[in-house]
Amino acid sequence: MDKIDIYSDGACKGNPGRGGWGALLVMGEREKEIFGGELDTTNNRMELKAVIEALNLLTRPCEVVVHTDSQYVQKGISEWIHGWKARGWKTAAKAPVKNVDLWQALDAAQARHKIEWRWVRGHNGHAGNERADALANRGVEVAA
């Protein structure tokens, strides 16, 4: 099984506002950069979109380490999602889960992979995270 590191980030100018997502995929010596943007979005949606887009590029099951500076993504996918699904995509307070479309897409995208979700402190000199941040900001610039 191939081993991949994914560094993902989202950015938003205004929240909601113009946003971008970016991801760096690293497999051994090979790297791939991806990014994109949306005009009317939130930082959390862009954080989720970055991981979804990166995972959807993988053509076969892989061992993946996802590095994200978003506790929303890291805790959501590794802790909260189980309860949400059990409650029919409702929170513990019985409210609809925010960004449910993207959470469902992420749940589907991660299903065939073995994934370790790692939180990294943002803007702290972590090379992969800094590159993902730069890609997310490029996504903001191209948002249309």
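Glycine is treated like the rest: Cβ placed from N, Cα and C.
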Practice problem: Going by Swiss-Prot, ASP9, GLU47 bind Mg(2+) 1; tell me which of ASP69, ASP101, ASP107 is listed for that site too. | Solution: ASP69
Quiz item: About how far apart, in whole Å, are the alpha carbons (Cα) of ASP69 (Mg(2+) 1 binding site) and ASP133 (Mg(2+) 2 binding site)?
Solution: 10
Self-check item: ASP9 (Mg(2+) 1 binding site) to ASP133 (Mg(2+) 2 binding site) - Cα separation in whole Å
Solution: 5
Quiz item: In the structure shown, with every protein chain counted, which of the binding-site residues ASP9, GLU47, ASP69, ASP133 has the densest set of Cβ atoms within 10 angstroms of its Cβ?
Solution: ASP9
Quiz prompt | For the domain 'RNase H type-1' (1-141), the number of residues DSSP places in helix, strand and coil | solution = 57 helix, 50 strand, 34 coil
